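As structure tokens, the structure follows; a few thoughts come after it.
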Amino acid sequence: MPTTNLIVTFQKFFYPILSGIGIPVNLFTFYMIRFRKCEMSETAIIYLSALAIVDCFYLLWVALLDLSLSFLLDHPFWHAYPWCGILTFLEYGSLFSSTWIVVVFTIERYLALRMTKVKMHFSHSKATVRIILSVVLLCHLVAIPDYWINGVTMFNYTTDGENITLPRCFYENTMFSTLVVWINTFISGGIPFTLIIVFNSLIGHHLTQASKMFTKEQQRIIKGVTTKGMVRRTILLLFTVSFTFVALCLPRFVTYCILRTAYNYPDFNRDDYNLSINVFGDIAIMLQNLNSTTNFLLYCMVSKGFRQELRNLLKPNTRAKELGSHFTQTTMKIFSVTGSKMHRSRDPVDVVLTKLARID
């Protein structure tokens with residue numbers, strides 16, 4: 001009983017706080033990536049902006065309307081028809097979209113590294129937007145059968161000595177529902193995890209092999225080139241986001257597979273927290289929902305450009321000082337070049353200094 005009260009009480013606070021913080025943070029992340037210069041490639045900006053928006057919808061449907069209301073209210077609105085099926089459809093649609101945007105971004109980065117023609121085709125912003133829209137549309141089409149995995153049943157309740165009949169949204173324990181849920185499990189878990197690990201490993205292998213072709217001095221020069229540096233930063237962001245996604249969502253995939261196999265019998269009580277599998281199952285769901293709120297912190301840790309733009313946004317004077325310093329240096333260079341033209345000399349040292357000034 002104490003364990004049950006502890007788990008339920010924790011989730012009553014966890015999901016409202018998660019949705020209350022996660023949705024604004026994702027919207028702020030979208031603003032930072034899309035409208036600030038965070039030193040990301042155009043492709044990365046589009047993919048990560050789409051991921052932030054989709055995560056907002058996931059937190060809205062799952063963390064706020066479903067789980068928060070389930071723990072805070074006795075009878076949420078979505079127990080009635082047709083909201084029971086609509087909310088389930090929206091939850092799985094946003095879950096699939098968030099998952100497969102990460103997968104497609106991973107595959108796109110690998111193809112861009114390996115094939116020049118593919119890179120030229122998919123590096124265009126219009127092509128990237130079409131890909132993301134296609135992914136989101138396809139994910140929601142795949143989620144349509146989830147509308148029928150839950151059913152609405154009328155139940156009698158006693159409140160203040162009066163009997164009332166209210167609808168209740170319950171999982172339909174049928175062959176159709178079982179098949180759809182297993183398919184969902186592998187679409188949102190097993191298949192994406194495998195693809196992310198495989199393609200990230202291939203990207204890492206490709207970069208390792210490519211680095212062996214150059215000396216340390218050549219690698220230092222390459223790292224200084226803007227395009228190459230942007231590619232490396234984009235791949236570092238990709239590694240961080242994708243592996244964090246796997247780490248936080250894999251427990252949900254494992255616990256659900258255990259629940260649907262070892263504990264798949266009619267009398268099993270999912271709300272009995274004296275069983276460790278139920279405790280771990282709820283913790284895994286919390287971790288999966290937490291994944292939709294962590295990207296802002298990941299960008300702050302990994303992306304120097306993101307951190308710099310965040311500082312500029314919070315401290316506008318810093319940006320003004322940087323622009324003033326840059327303007328002063330540029331002005332000094334202009335006057336130094338002008339001065340060298342006015343005072344020409346046949347001294348070889350003056351000639352060399354004049355050329356250096358022109359190069360600067």
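Positions of Cβ are set from backbone N, Cα and C atoms, glycine also.
Keep in mind the model is a prediction, meaning the values are calculated, not measured.
The feature transmembrane segment is assigned by TrEMBL to 13-33 (among others). Away from its own ends, the transmembrane segment (13-33) comes close to residues 40, 45, 48-49, 52-53, 55-56, 59-60, 63-64, 67-68, 71-72, 286, 289-290, 292-293, 295-296, 299, 306, 309-310, 313 of its chain (Cβ-Cβ under 8 Å, at least six residues beyond either end).
Marked as domain 'G-protein coupled receptors family 1 profile' by TrEMBL: 25-299.
Beyond the transmembrane segment (45-65), the same-chain residues lying 6 or more positions past its ends with a Cβ under 8 Å from any Cβ of the stretch are 15-16, 18-19, 22-23, 26-27, 29-30, 33-34, 38, 76, 78, 87, 90-91, 94-95, 97-98, 101-102, 104-105, 108, 125, 128-129, 132, 136, 237, 241, 289, 292-293, 295, 299. According to TrEMBL, the feature transmembrane segment maps to 45-65 (among others).
Listed as Cβ neighbours of the transmembrane segment (85-107) (distance under 8 Å, sequence separation of 6 or more from its ends, same chain) are residues 44, 47, 50-51, 54-55, 57-58, 61-62, 65-66, 78, 131-132, 135-136, 139-140, 142-144, 146-150, 184, 187-188, 192, 195-196, 199-200, 203, 238, 241-242, 245, 249, 292. The transmembrane segment annotation in TrEMBL covers 85-107 (among others).
If you look up TrEMBL, you'll see 127-149 (among others) marked as transmembrane segment.
Per TrEMBL, the feature transmembrane segment maps to 181-203 (among others). Within the same chain, residues 92, 95-96, 99-100, 102-103, 106-107, 109-110, 113, 142-143, 146, 149, 235, 238-239, 242-243, 245-246, 249-250, 252-253, 256-257, 260 sit at least 6 positions outside the transmembrane segment (181-203) and bring their C-beta atoms closer than 8 Å to a C-beta of that stretch.
Sequence-remote contacts of a segment are chain residues at least 6 beyond its ends whose Cβ falls under 8 Å from one of its Cβ atoms, and for the transmembrane segment (235-263) they are 40, 44, 48, 51, 99, 102, 105-106, 109, 178, 181-182, 185, 188-190, 193, 196-197, 200, 203-204, 207, 270, 277, 280-281, 283-285, 287-288, 290-291, 294-295, 298-299, 301-303. The feature transmembrane segment is assigned by TrEMBL to 235-263 (among others).
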